[in-house]
Each structure stands twice: as C-alpha cells, then as structure tokens.
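**Student:** According to TrEMBL, the record shows the following:
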- C120, C122, C130: Zn(2+) binding site (BINDING)
- K201: active site, schiff-base intermediate with substrate (ACT_SITE)
- R211, R223: 5-aminolevulinate 1 binding site (BINDING)
- E239: Mg(2+) binding site (BINDING)
- K254: active site, schiff-base intermediate with substrate (ACT_SITE)
- S280, Y319: 5-aminolevulinate 2 binding site (BINDING)
Amino acid sequence: MAFPTVRQRRLRNNQAIRNLVKENHVNVHDLIYPIFVTEGEAIKNEIPSMPGVFHFSLDQLETEIKEITELGLQSIILFGVPNKKDDVGTQAYDDQGIAQKATRLVKQINPNLLVMADTCLCQYTDHGHCGIVKKSDNGKEAVIENDSSLALLVKTAISQAKAGADVIAPSNMMDGFVTAIRSGLDESGFEHIPIMSYAVKYSSAFYGPFRDAAHSSPQFGDRKTYQMDPANAREGIREAECDVIEGADILMVKPGMAYMDIIHTLKQNFDLPIAAYNVSAEYSMIKAAAEKGWIDEKAVAMELLVGFKRAGADMIITYFAKDAAKWLRADSV
Ligand code: PBG
C-alpha cells in the first residue's frame, strides 16, 4: 500500500499551528453595528423577530453607545424609525428628524464612534417605497419615479452629513444616486464625506425582520422595479461598475449569506473596499435555531462572519457585532 507523502493534516495538528496558517480573521474593527432609533421616551423595546435587537428612544442611547464603545466596536449604522410618515418622506431630510437627532447625540456621547447614515426613504414614506410614487391616471398602477426621488435622497444625505454622519450609505437603488448624492454633498461642503453605496442590493425575502423593525414594508407592490433579481450575477457587476464610475468609495453587497459569490466577484473586479450586509433574516434564523437548541449560535455566527471575510468582504454590517465582539474578546484571553 502506498502511503501519502503529501499530508494536509500536518498543518492541522494543534490550535497553535492552525492559528499560524489561518488565512482570514474576523476583527472587531471589521464590524458595523446597526441601531434603530425611534421617537418617544424611555423606549427600549426588543424587536420580536430580532431577539437582542432593540428600538431605542434618544434618552436610552447613551447606555447603549457606551456599551458598544466598551466592547471595542468603532462603527455603527443608524436607522431612524419616525412617528410621522408622508408620501414624500419629509422626515428623512428634516434637520430635526429622528436620525439626524440621533447622529448629533451619538457624536456628543462618543465623537470617535463612526456613524454611518442609511440614506433611503422607505422608513419615512407612508407607502413604504424607497422613492416617490406616481399613480397612473386611473389610480390603479403606480411607478416609483427615479429622478424626482434623487432630489429627495440628495436632501436626505446633506442633512445627515450636517448632523455629523461620517459616511453616507445610500440604500435606495435609484439609478444615478451616487452621482446625485456626491455632487449634492460636494456643493454643500461635504466633499470629505465618503459614500458607501449599497451597490448590489437584491430584492430579497431576507429583509423581512428588518421591515418589522423599521416599519418599512411596502404598502402595495414590491421593490422589484428597483432592487435586483436574486437570479442575476452579471448584472451585479454592472451595478457596481456604475457606482464606481459615479464616485462611490465603498461597495456593498446585500444580503450577504446567499450572495457570497457576488462579494467574491466584486472583490476580484474592483479595487474599492467591499462591505457585506449580514441582513436581518440571516441573523434571526440563527437566533431562532439557537433558541431551539438546534445549533451552536456562536460557532455558526462566527463561521458565517469569517465566510464573509473569506469571500472578500473588508467590513461587515451585522446585528451580531456586539455578540461577536464579546466572543472575540473571550477567545483572545
Ligand atoms: C432600506 C433598508 C433595508 C435594509 C437596510 N436598509 C430594507 C429594504 O430594502 O427593504 C434591510 C436590512 C436588513 O434586512 O437587515 N432600504
């Protein structure tokens, strides 16, 4: 019998050698933690479909921000959940809007915490779409207007930057949003503020729990006329290419788990940093299965996060950020 001379297992003999040959690492600095802020007082309500994730009123933010900071996390992304909605999403670009107020407050609590602003209208519109809805004359059909929506998104981004946001993250999937927002920011003196574009954003059922959290489900129709078809990969390259030409600084792929191939492809094709959004249902599925005792939450979540890194993500937006920070800390001692 011939014995193998090449043995892959030699480099798996013990933890120390496995650590030496480890190709990818999840670092606490790679993680971006999403926070939902809401109007009202004394609110810290857990989102039923996202265990461990809360709605915070502004008066509850300080404790949370301090905890995040103490865990070593350096970046958050803010989602505003306003009380008042209308058909043009006025609260999205109001300087006194909930996201703007929260941004100012976070910057007061910890000026070094990097605040990303999600630039979209769907939480702020009564119809729940990411742009302006134009009804046909008979009122039966509706289109989401591209170019008129851009003007509102630009206003939103400028007011977010004015409030102190460090990164503008437009998630609306209107055509030309990077060009429009870039020139709006530049004209307003925010040429130094980067744009992290939700470049390749699919029309996905994995956003379900987020829409519960953000009260942002479309009230009619779906988002398929602006978000991408999950069946398409090459179109993702075109989406990303547009955003690169338009001046995006970071390219995001969303969702993450079912789209690792897209993360990989973008990393191979573009030299901008790549972000992965580990979206709400990816989080909730793991939480639910762990609650049932079917899986090991920490092991599965960390495997997923390192999977994003291996696929090519430089940074990961994840509801697991706080958990991961704790796990990473515990493992390093
Ligand atoms: C806003 C937005 C959405 C998410 C982030 N920004 C929802 C959507 O497009 O419907 C989803 C994030 C998640 O599921 O965690 N457009």
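We count from 1, first residue shown onward.
Even glycines carry a Cβ here, placed using N, Cα and C.
In the displayed structure, how are the listed features positioned relative to their neighbours?
**Tutor:** In the three-state DSSP classification, C122 (Zn(2+) binding site) falls within coil. The local packing around C122 (Zn(2+) binding site), expressed as other Cβ atoms within 10 Å of its Cβ over all shown chains, amounts to 23.
Listed in sequence order, the residues of the same chain lying 6 or more apart from K201 (active site, schiff-base intermediate with substrate) and placing their CB within less than 8 Å of its CB are S171, M173, Q227, M228, M252, K254.
Within the same chain, residues at least 6 positions away in sequence whose Cβ sits under 8 Å from that of R211 (5-aminolevulinate 1 binding site) are S217.
Secondary structure from DSSP puts E239 (Mg(2+) binding site) in a helix.
Counting every protein chain shown, 25 other Cβ atoms lie within 10 Å of the Cβ of K254 (active site, schiff-base intermediate with substrate).
Y319 (5-aminolevulinate 2 binding site) falls outside any helix or strand according to DSSP and counts as coil.
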**Student:** Inside 10 Å of the Cβ of R223 (5-aminolevulinate 1 binding site), count up the other Cβ atoms and send me the figure.
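**Tutor:** Within a 10 Å radius of the Cβ of R223 (5-aminolevulinate 1 binding site) lie 22 other Cβ atoms.
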**Student:** Other than C120, C122, C130, which residues of the chain come within 8 Å of the Zn(2+) site, judged by Cβ distance to the Cβ centroid of those residues?
**Tutor:** L121, Q123, Y124, T125, H129, G131, S171, N172, S216
**Student:** Restricting the comparison to the binding-site residues C120, C122, C130, E239, S280, which residue's C-alpha is spatially nearest the C-alpha of R223 (5-aminolevulinate 1 binding site)?
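**Tutor:** Sorting the binding-site residues by distance from R223 (5-aminolevulinate 1 binding site), the top entry is C130.
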**Student:** In angstrom units, rounded to an integer, how far apart are the Cα atoms of S280 (5-aminolevulinate 2 binding site) and E239 (Mg(2+) binding site)?
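**Tutor:** Cα-Cα, rounded: 23 Å.
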**Student:** Taking the Cβ of E239 (Mg(2+) binding site) as the centre, count every other Cβ atom within 10 Å, in any protein chain shown.
**Tutor:** 23
